[in-house]
Amino acid sequence: MCSIGDDDVLDDGISSLMTPQKQMLHYLPKGTCYKCGQDRELYKIHFREAECKNCFLIFVNHKFRATVGSSKALPRNADILLVFDGSAESVVLLDMLQTAQSESNFKRLHCYLKVLFLDDYEAYKDTCGINDYKLYIQQVKDLLLSYDNIKCYVTNLRSGIHQKPFDIKDMNLYLNREMEKEKVFSNDINNIQTSTSRNEFIKLYRKNLIASMATILSCKYAFIPTINISIATDLLSAIALGQGNNVACDVAFKDDRLVNGIKIMRPIKNLTETEVLLYIRARNIKWCDRRDHVINASSSIQRITELFIRNLQKNYSSTVSTIICTGNKITSNNDSYEEFEEKCCLCNSSIVNSETLSAVRYSRYVSERMSSDFDLDINFKKFLNLTQNQDQKVCHSCQNIGRDSDINLIKHYL
Amino acid sequence: MPIKCKTECGRNAVLKRPKTSDALCKECFFAAFEAEIHYTIITNKLFTKGEKVAVAASGGKDSTVLAYVLKLLNDRHDYGLQLILLSIDEGITGYRDDSLETVKKNRDDYQIPLKILSYDELYGWTMDRIVGQIGRSNNCTFCGVFRRQALDRGAKQLEVDSIATGHNADDIAETVLMNILRGDTARLRRCTDIRTGGGENTIPRVKPLKYTYEKEIVMYAHFKKLVYFSTECVFAPNAYRGHARAYLKDLERVRPSVIMDIIHSGEQLLFKDTVKKPVRGICERCGFVSSQQPCKACILLEGLNRGLPKLGIGKKSKGDRMRLKQDKELALRERANLVKNDF
């Protein structure tokens, strides 16, 4: 059992996150800024000299603009849908976009922004009571309405993919909507046997929902508020889930695997948790943290990975940045063989075969019959053809979701 | 009520295969385990008839099972291989001396000739003496680098066609994770290869146990009553690998197939054209395979012989500065001696 960071993990495997960073918001030392030389409150982040508020904000905004600019993937006057969930990261991204749009002409980010509040209560309802949820919804509404020049919408993770989002001003209408179909959806999610597969399904469904909402709201680009630690977790989780051939899309600035041509972008992928929290302090903005940031250490591959990375980061401070650097060197084989390769009907990733998958199939083959029936030629080839036909058009990772639930039901939703 | 074997052979199951979650009896497990290794050897064309193969033997569970199964399959399927056990004595008192006794027992049991090479005779240093110099940190670097080259040296002496190592699926999955965490793209590219090396002047290494779970190797050795050495090295284990190992074990608890999934992912990783690839060459000093000049083993050895054990640890520039400083001090001392002699 990994013993790193044991002090932070309670007996039942629950760890509280972001506590040191929260404290940091209240106590900032005063001193001389290394950049402008003025005596002010100092914002200190790892691997960087302490600087004043203004210099810090210039640095963080530059980081965001550099990520968007260097990708060369966002055209001028693009219609952008910002996916908002009230978290610190999404509030920061919204504020940065707002700042970028109000810059002087030379520095202005020329785009048309719409905000979609994606209410994902379904994914975390085990850790949040109904009263906290109602309070959270009200906070998000107030926060979004404070941006009076941006059109804001709300939709639910359980919503049908083609269901129109509500205007944020019609929050009461949203809360009193028809929920019969959503209850069926919740029931189907709960029937997925493992939380690893449940998380994967929610991830895929969420992506499709974002793409669909973007299409309905006439946006070609969707900005998601993913920061570096989430990218590192996604990368390592994807490796553990057997998605090596598509991992580049999970960590890159742009993910263009969606069928309707919508491009998902991660403009704050290079920001750290500390930078996000310091930005919030510097700009004096509010965020609505509805989750109590509880990690059950043994529940799913994604959770174990997140906890592992957070613990390792405490002892080896370059862990997250090294994982991100490794991810940046990986490319997707979606680009090279686009015309020839078959795509997975669930996640739209290319379907590949490997010696390892053949070895797994052979293991199943020999575990099901007596040794006298082992045959590398005729019998195994028959078995291989049979299993390959069954697995057709579903990638290896999605087949694993299918093992924990009814694959046809999953296909129905995706 | 006892669970019946999945193969419907009529016997009661004695274990649940970690790899497929199937309940099997002892006999069917043996058959499946051996058939899988045979499948790996055949489909990946690891050997050709008449080849001389060195089995890297440490006396541990992996190499013991590898030697046993290779001998068994060689006889059963008429591979026509000439097997030799090749062991490296690192000179670790209380660990390697005991495990070598196990290898000698395997030699007698399986009737396979054994060749033992020691760090002492190859490099003039034992690990006990190296640890005396470097301490308990970084000692695994010396051991790993020297062992890798020692196997090449042994294979060259024995004139074998390939070296079979006991790397199992868990080891490979762990290495994939570790290389991602360390950002080592050069190793990440090749760590899932079932065959490495094999170019000009190099002897290929093969991993017949690449798709075999560690748990199943232990079960096989246990039910077959094979003699193996199971003590951990007396020097500190590699701490960073320990993190990757603990993480993998946690993942395996949630989804046992994760080991094969990670290997599959590792095989599918493609790198951008801009990522540098190390060029494999030959060390100008020792003549063995290396991607740098001189090779790591030669730098580490130079450090030990100069009394600067940290010479090969860390950045090259740091090593160069250490070397320069010592050369200057030696030159000064020599000049001082000359002056003294004049009087």
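Every residue, even glycine, has its Cβ placed from backbone N, Cα and C.
Site annotation for ATP in TrEMBL covers B:ALA56, B:ALA57, B:SER58, B:ASP62, B:GLY166, B:ASP171, and the matching candidate from B:ILE37, B:ILE88, B:ILE92, B:ILE194 is B:ILE88. Reduced to three states, the DSSP call for B:ALA56 (ATP binding site) is strand. Counting Cβ atoms from all protein chains shown, B:ASP171 (ATP binding site) has 20 others lying within 10 Å of its own Cβ.
Averaged across the domain 'tRNA(Ile)-lysidine/2-thiocytidine synthase N-terminal' (B:52-230), pLDDT in this predicted model comes to 92. The least crowded of the binding-site residues B:ALA56, B:ALA57, judged by other CB atoms within 10 A of its own CB, is B:ALA56.
For the ATP site listed in the record, the two most distant Cα atoms among B:ALA56, B:ALA57, B:SER58, B:ASP62, B:ILE88, B:GLY166, B:ASP171 lie 20 Å apart. Helix first, then strand, then coil: DSSP counts for the domain 'Cytoplasmic tRNA 2-thiolation protein 1 C-terminal' (B:282-311) stand at 14 helix, 3 strand, 13 coil. Mapped onto three states, the DSSP output places B:ASP62 (ATP binding site) in helix.
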